[in-house]
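Visitor: I'd like to ask you about the structure that follows.
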Amino acid sequence: MKTSLFKSLYFQVLTAIAIGILLGHFYPELGAQMKPLGDAFVKLIKMIIAPVIFCTVVTGIAGMESMKAVGRTGAVALLYFEVVSTIALIIGLIIVNVMQPGAGMNVDPSTLDAKAVAIYAEQAKDQGIVAFLLDVIPGSVIGAFASGNILQVLLFAVLFGFALHRLGSKGQLIFNVIESFSQVIFGIINMIMRLAPIGAFGAMAFTIGKYGVGTLIQLGQLIICFYITCILFVVVVLGSIARATGFNIFKFIRYIREELLIVLGTSSSESALPRMLDKMEKLGCRKSVVGLVIPTGYSFNLDGTSIYLTMAAVFIAQATNTHMDIFHQITLLVVLLLSSKGAAGVTGSGFIVLAATISAVGHLPIAGLALILGIDRFMSEARALTNLIGNGVATVVVAKWVKELDHKKLDDTLNNRVPDSKTQGLSS
């Protein structure tokens with residue numbers, strides 16, 4: 001039985017976003033006051049992310065027959081992440097050089113308000129690769145869960161899963177408890193998701209109310225250029241990868257449309273993480289693969305953020321008439337290959353990584369960040385949407401490469417067919 005249109009989350013979130021835009025535009029002060037609604041929803045999601053990752057990864061790893069399979073999955077995932085995110089960086093670099101959205105602005109860096117970006121520049125000092133790697137190791141297990149640090153929780157979950165697997169039958173009781181706890185957690189997620197329309201409404205009303213449509217027009221060339229690039233990346237690059245893997249990118253986007261709308265409303269791909277874990281498993285990817293690829297992808301496979309970083313950096317150079325020859329752009333690319341891996345899928349993190357990159361390159365004026373500070377919030381939607389689609393595609397690709405993908409289930413689900421339980425099973 002199909003769900004009524006008015007009861008579907010897709011329709012409710014879309015309607016809430018539209019109402020939020022109207023409120024923010026016609027009553028900006030009231031719209032700006034709706035911010036707590038969006039913040040509250042995102043906090044509710046973050047509250048549940050750590051236990052979701054822990055349960056999914058532990059039960060996935062502990063339930064595998066061979067530990068070699070886990071290592072193979074991790075290696076394949078990291079290889080895929082590196083290749084595709086590098087392609088995203090290069091595409092962003094090429095298109096921003098061709099379209100030149102910042103050309104002709106002739107901005108003097110000394111006239112920009114450096115104080116406006118001082119807080120981001122300060123946070124960027126801690127974005128070194130060594131500091132990033134050390135931060136993956138939690139000071140305490142409780143601290144990792146309390147702070148909601150995805151990679152720290154993931155590391156502990158992987159170790160816990162390995163240890164539980166080695167216990168064999170002795171660990172069966174613990175395995176059953178965690179699996180039951182996982183069902184409770186996903187029950188909580190279903191309750192939280194009923195509030196998604198309210199969260200999307202509040203976040204969108206605040207964005208339009210605070211920054212206004214005028215901000216979009218002021219620096220619209222960069223925004224348009226960025227959105228076009230993200231669309232091209234999803235359709236051409238991810239579309240080609242999907243086709244080579246055996247599925248249609250547009251059918252996949254339709255399958256995760258509710259998650260995309262939640263991300264559109266909150267501007268954070270992290271807000272859809274719990275539901276993506278569940279949906280990718282229902283799509284035919286084995287639980288162990290989903291549990292490793294999705295959480296890891298939130299730091300190592302942010303395609304939208306990669307595009308944003310190269311385009312924003314070169315845009316600042318163009319707008320301030322800072323010459324960037326091929327050597328400077330290659331240096332920028334190399335630095336971004338490292339710094340982009342620390343950009344978690346939360347609102348604002350991409351801007352901090354951009355500040356870190358500009359500081360590391362040294363050739364660009366740090367005050368130039370003030371140029372895009374006001375419109376960064378509007379570009380975060382495209383970043384987050386591209387990140388989410390990219391991680392979903394990555395999960396299917398990795399699952400196929402390690403022969404942990406149910407092809408029939410994938411095909412049936414994307415084509416809205418009810419899978420035949422008698423014929424379900426892994427196929428290579």
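Cβ atoms are placed via backbone N, Cα and C, with glycine included.
Reproduced below are the annotations present in Swiss-Prot:
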| type | residues | note |
| --- | --- | --- |
| TRANSMEM | 8-28 | transmembrane segment |
| TRANSMEM | 44-64 | transmembrane segment |
| TRANSMEM | 76-96 | transmembrane segment |
| TRANSMEM | 142-162 | transmembrane segment |
| TRANSMEM | 184-204 | transmembrane segment |
| TRANSMEM | 222-242 | transmembrane segment |
| TRANSMEM | 326-346 | transmembrane segment |
| TRANSMEM | 352-372 | transmembrane segment |
Visitor: For the transmembrane segment (222-242) and the transmembrane segment (76-96), check the count of CB pairs under 8 Å (sequence separation 6 or more) and say whether it reaches 3 or more.
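Guide: Contact between the transmembrane segment (222-242) and the transmembrane segment (76-96): present.
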Visitor: Counting only CB pairs under 8 A, let me know which of 8-28, 76-96, 142-162, 184-204 has the most with the transmembrane segment (44-64).
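Guide: Result: 142-162.
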Visitor: Grab the same-chain neighbours of the transmembrane segment (8-28) for me: Cβ-Cβ under 8 Å, and only residues 6 or more beyond its ends, written as numbers and ranges.
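Guide: 34, 193, 196-198, 200-210, 212-213, 257-258, 261-262, 264-265.
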Visitor: State the non-local partners of the transmembrane segment (184-204) in its own chain: residues 6+ outside its ends, Cβ under 8 Å from one of its Cβ atoms.
Guide: 9, 12-13, 15-17, 19-21, 23-24, 34-42, 44-45, 48, 51-52, 55, 261-262, 264-267, 271, 274-275, 278
Visitor: Six or more residues beyond either end and a Cβ under 8 Å away: which residues meet both conditions relative to the transmembrane segment (76-96)?
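Guide: Non-local partners: 225, 228-229, 232-233, 237, 241, 292-293, 296-297, 300-304, 306-311, 314-315, 318, 329, 332-333, 336-337, 340-341, 390, 394, 397-398, 401-402.
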